[in-house]
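When I checked TrEMBL for this same protein, it listed these features:
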type: DOMAIN; residues: 51-296; note: domain 'Nucleoside phosphorylase'
type: BINDING; residues: 91, 135, 136, 137, 138; note: phosphate binding site
type: BINDING; residues: 214, 216; note: substrate binding site
Ligand code: URA
């Protein structure tokens, strides 16, 4: 895929959208869980140049990502200091190097949804344009060699439907979980060029829980058999599901609503057809967790180089 052909490089620019008339009447929009606000911080000055946002569960991993990307883009801080922009709170951590923002989101749909409401407002208030957002994370694979990276084609729910449901004012609202297919293909192409690990494009099942929600047999409670578990995972596989995690559905839905170009890139830590417990060594798991960072790092570098050539 030619990076020069995508929308990011075309002459018109895409803003980040919010759809909330009530925001206009707020004198100060307080982004409480980031410990930032429109009256207390100059958001356009702090974040106006952001073009890439990477989000992931753990604050530690998102700090490691900014250190990695700083080195890749040759934008290292000589003192190797990458301050947490959200130091005023322990809810989420945020780091920035040049046009790249790295934010942690915690575990599960409620945690990432709160973070995304505030992140989308932050990008909107900062008047950011042409932003690409990528979730980098870990997952359980189905029938894949552990360590395989999955770029999500479609995020599906635990009944294999491509939708995200939320109860708002007592009514179920169904939202679309489409992701940017061109971006997914560009990421796959980066992986081919890197040639360091296996990467596939496939559906990602997003569940509400790590244990029973993902058909594990090792939670505190379990009311089904090994065969029930295998039957369910095989059905998921037949529906095109390559991996299981806990954030992609709301991530896809909210990014689509705000006009953000979005992708989900998760490494598989184990093959769920073969087991439930994470038994690989710390070193192996750590090296697996670096793979989405390496892939996204390559993508960002390629995009920035293409942009430098055109401008
Ligand atoms: N994350 C998940 O949600 N499930 C797994 O099996 C591994 C990581």
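Any Cβ shown, glycine's included, is placed from N, Cα and C.
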Name the residues of the same chain, 6+ apart in sequence, whose Cβ is under 8 Å from the Cβ of residue 138 (phosphate binding site)?
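In sequence order, the residues whose Cβ lies under 8 Å from that of residue 138 (phosphate binding site) (at least 6 apart) are 57, 245, 266, 267, 268, 269, 288, 289.
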Return one of helix, strand or coil for residue 216 (substrate binding site), based on DSSP.
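In the DSSP reduction, residue 216 (substrate binding site) maps to coil.
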Within the domain 'Nucleoside phosphorylase' (51-296) only, compute the mean pLDDT.
97
Between residue 216 (substrate binding site) and residue 136 (phosphate binding site), what C-alpha distance do you get in Å?
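Answer for this pair: 23 Å between alpha carbons.
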Around residue 91 (phosphate binding site), which residues of its chain at least 6 apart sit with Cβ under 8 Å of its Cβ?
33, 34, 106
Report the binding-site residues (135, 136, 137, 138, 216) that meet this criterion: Cβ distance to the nearest atom of ligand 1 under 6 Å. Use sequence order and write none if nothing qualifies.
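Correct list: 138.
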Across the record's phosphate-binding residues 91, 135, 136, 137, 138, the largest CA-CA distance in angstrom?
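Result: 20 Å between the two most distant Cα atoms.
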Once near-sequence residues are set aside, which residues in the chain of residue 135 (phosphate binding site), 6 or more away, have Cβ atoms under 8 Å from its Cβ?
54, 55, 56, 105, 247, 248, 251, 262, 263, 264, 265, 266
About how far apart, in whole Å, are the alpha carbons (Cα) of residue 214 (substrate binding site) and residue 137 (phosphate binding site)?
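Cα-Cα distance, residue 214 (substrate binding site) to residue 137 (phosphate binding site): 16 Å.
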Is residue 91 (phosphate binding site) helix, strand or coil when read with DSSP?
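Reduced to three states, the DSSP call for residue 91 (phosphate binding site) is coil.
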